[in-house]
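Asker: Next up is a structure, given as structure tokens.
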Amino acid sequence: MNNNKQPKQGNFVKNILMWVILAIVVVVGFNFFFSSNQSSVDKISYSQLMTKLDGNKIENVTMQPSDSLITVTGEYKEPVKVKGTNNFPLLGNSSSEVKNFQAYIIPTDSVVKDIQNAAKSNDVKLSVVQASSSGMWVQILSYIIPMLLFVGIFWLMMGGMGARGGGGGGNPMSFGKSRAKQQDGKTSKVRFADVAGSEEEKQELVEVVDFLKNPKKYHDLGARIPAGVLLEGPPGTGKTLLAKAVAGEAGVPFYSISGSDFVEMFVGVGASRVRDLFENAKKTAPSIIFIDEIDAVGRQRGAGLGGGNDEREQTLNQLLVEMDGFQDDGNSVIVIAATNRSDVLDPALLRPGRFDRKVLVGAPDVKGREAVLKVHAKNKPLASDVDLHNVATQTPGYVGADLENVLNEAALVAARQNKKEINAADIDEGMDRAMAGPAKKDRIQSMREREIVAYHEAGHAIVGLVLENGSTVRKVTVVPRGRIGGYMLALPDEEIMQPTNFHLQDQLASLMGGRLGEEIVFGVATPGASNDIEKATHIARSMVTEYGMSKKLGMVSYEGDHQVFIGRDYGQTKTYSEATAVMIDDEVRRILGEAYDRAKEAIETHREQHKAIAEALLKYETLDAKQIMSLFKTGKMPDEAAAAEVPEPKTFEESLKDANANVDDFSNINIYNGDEKTDSKPEENKEKSEDETAE
């Protein structure tokens, strides 16, 4: 898409340069014409004229009254050299031989008589012509015509820019025009079938589609379709895709624009663009206006420090006016907006009559994730061992964009190994890469560091296996990825929407298992548990201040109002005293201390299993759920896994050789090796579940 735009932008720049060069050439030529005519005449003063007459150097003289002066022209008997000047210093001055002269004198009787006497005494032919007013106009035109030419060329240039750049894109003279991209709904290929994992959300939008197709049915019943639909939810859940599907199903014009496109540095531009957008939508009604990231323009007015009457607020005011009652005579314009920050939107924007319907587009459940995976796997050849349902169960909290990224990473891994199909191992690697980044198998680690990491992860696994409300341990690995040295993936047997206090307490104990695995075996503590401590502290504080799970403090909310604007809570006092703050800290420490003791008891009671899992991690690097359970119960690996060996990490040259093994001509092929060097910028650890622990 970008490649298609580059030639247009190149031609656009070339056209501008052509117009500028043409304007300069015309102005320069016009001035050169006048200056060349003027430079062919020797301009002299009255005293010089009298000297040349007395010196018998003049052939003839002509006197012509002009305004308040008399123009004296004539010819020399012999050409004289004069230094010419032009209006463009860069061209420099030049000298030339001229035969004509010109002088301006004051029309007094004495001056005229002196010239006549000098001409008569030297036999110089003297003639007088009638006064002419054309000289003044020629001089005026010499200044006006170049200016008019320049303005005309500039106007044509601006018109060409407007024709190519559209209403608000390339034309500087139309800042107030909307930058919305219009798409014909009849040619849109996106349908509700392309949106998976959002069945309830699609059902909410079916009425909007039906109204756009059959408005009479609703008008006859006196029903009013929602003037606006607000799609809110985390990034990557498919809000924009849902809006496109509505336009595709309804078959009406679709105007899409980002909230940031309304506001510019010039005053009044945002409000003007809002008016222009709705005027265009009304002309093609019924139609849909989609505003992506509406929080960029719809934030609360007067919020935070310096929240005065700025340009963004003027744009919001105009948007509020346009959205209030523009459905008349069946010509409906429906506004669909998307945001992941609905908490910062202005209340006037959310009231009934503007955004009547609010659709929460959240992360899909296991059934929805499986449906999303099936949609994204349509164009990917999957091997027979790939179970998309199993992949869906291992990706809680993943949204549509994350799931698409997992399959894409798996396809890249398979392509790197010259496979024809994507197998389960590729999917597993794709999940690891999407969550924690590429593996760093050739990272230099001492044996002691590897042992500490292995016992750390084994500690997480043991606590998760022992506790009743703990999640099922699905995977443990000590392969470094990004900034982490390893991780343990624990998932619940079924998705829990409302975890109990027992679930949270067991989760805290599982988070403590990593640090205890280091302390019990080696008697040391490493920074690898910093992420565990951070998450555990957040959960414990939420239990005390938000969930009311502390018997000492009771069911009281202490930190429920989190302001998002700078300065909004400045000067506001806390709703609890200093003594209560001390009690909150004491309760958080107590809950974390109890979790620490429970985790310590679980590991010390199962020291043999802890050691068996850690040694298996040092040997095999990665263990799945079946292997972990076998080690916990029998202390041994399953038979089919006992013979497996950990492959040595390949060098970049070896990977390049394998990738090019079946390629005849690879001179223009770039091979990407995701596991090549440890000094590459590590990817951030992507936390997908409260039960995942990463160090």
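Positions of Cβ are set from backbone N, Cα and C atoms, glycine also.
Summarising the annotation, Swiss-Prot assigns topological domain 'Cytoplasmic' to 1-15, 161-695. The annotation transmembrane segment is assigned in Swiss-Prot to 16-36, 140-160 on the grounds of sequence analysis. Here Swiss-Prot flags 37-139 as topological domain 'Extracellular'. The ATP binding site feature in Swiss-Prot is assigned to Gly233, Pro234, Pro235, Gly236, Thr237, Gly238, Lys239, Thr240; the stated evidence is sequence analysis. The Zn(2+) binding site annotation in Swiss-Prot covers His456, His460, Asp532 and rests on sequence analysis. Swiss-Prot lists Glu457 with the feature active site, giving sequence analysis as the kind of evidence. What Swiss-Prot records for 657-695 is region 'Disordered'. For 674-695, the entry in Swiss-Prot reads compositional bias 'Basic and acidic residues'.
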Asker: What's the CA to CA span in angstrom from Gly238 (ATP binding site) over to His460 (Zn(2+) binding site)?
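Answerer: Taking the Cα atoms only, Gly238 (ATP binding site) lies 34 Å from His460 (Zn(2+) binding site).
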Asker: C-alpha of Asp532 (Zn(2+) binding site) to C-alpha of Glu457 (active site): distance in Å?
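Answerer: Checking the Cα atoms of Asp532 (Zn(2+) binding site) and Glu457 (active site) gives a distance of 12 Å.
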Asker: Between the binding-site residues Gly236, Lys239, Thr240, which lies closest to His456 (Zn(2+) binding site), Cα to Cα?
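Answerer: Out of the listed candidates, the nearest Cα belongs to Gly236.
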Asker: Looking only at Gly236, Gly238, which of these binding-site residues has the biggest number of Cβ atoms within 10 Å around its Cβ?
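Answerer: Top count of Cβ atoms within 10 Å goes to Gly238.
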Asker: Which ones in the same chain are close to Thr240 (ATP binding site), with CB under 8 Å and 6+ residues apart in sequence?
Answerer: Phe290, Asp292, Ala338
Asker: Apart from Gly233, Pro234, Pro235, Gly236, Thr237, Gly238, Lys239, Thr240, which residues in this chain have a Cβ no more than 8 Å from the mean position of the Cβ atoms of those residues at the ATP site?
Answerer: Leu231, Ala338, Asn340, Val361, Val399, Gly400, Ala401
Asker: Which is it, of Gly233, Pro234, Pro235: the one of these binding-site residues whose Cβ has the most other Cβ atoms within 10 Å?
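Answerer: Of the binding-site residues Gly233, Pro234, Pro235, the most buried by Cβ count within 10 Å is Gly233.
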Asker: What's the CA to CA span in angstrom from Pro235 (ATP binding site) over to His460 (Zn(2+) binding site)?
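Answerer: His460 (Zn(2+) binding site) has its Cα 30 Å from the Cα of Pro235 (ATP binding site).
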Asker: Let me check the 10 A CB neighbour count of Thr237 (ATP binding site). How many other CB atoms are there?
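Answerer: Step by step: centre on the Cβ of Thr237 (ATP binding site), count other Cβ atoms within 10 Å, giving 25.
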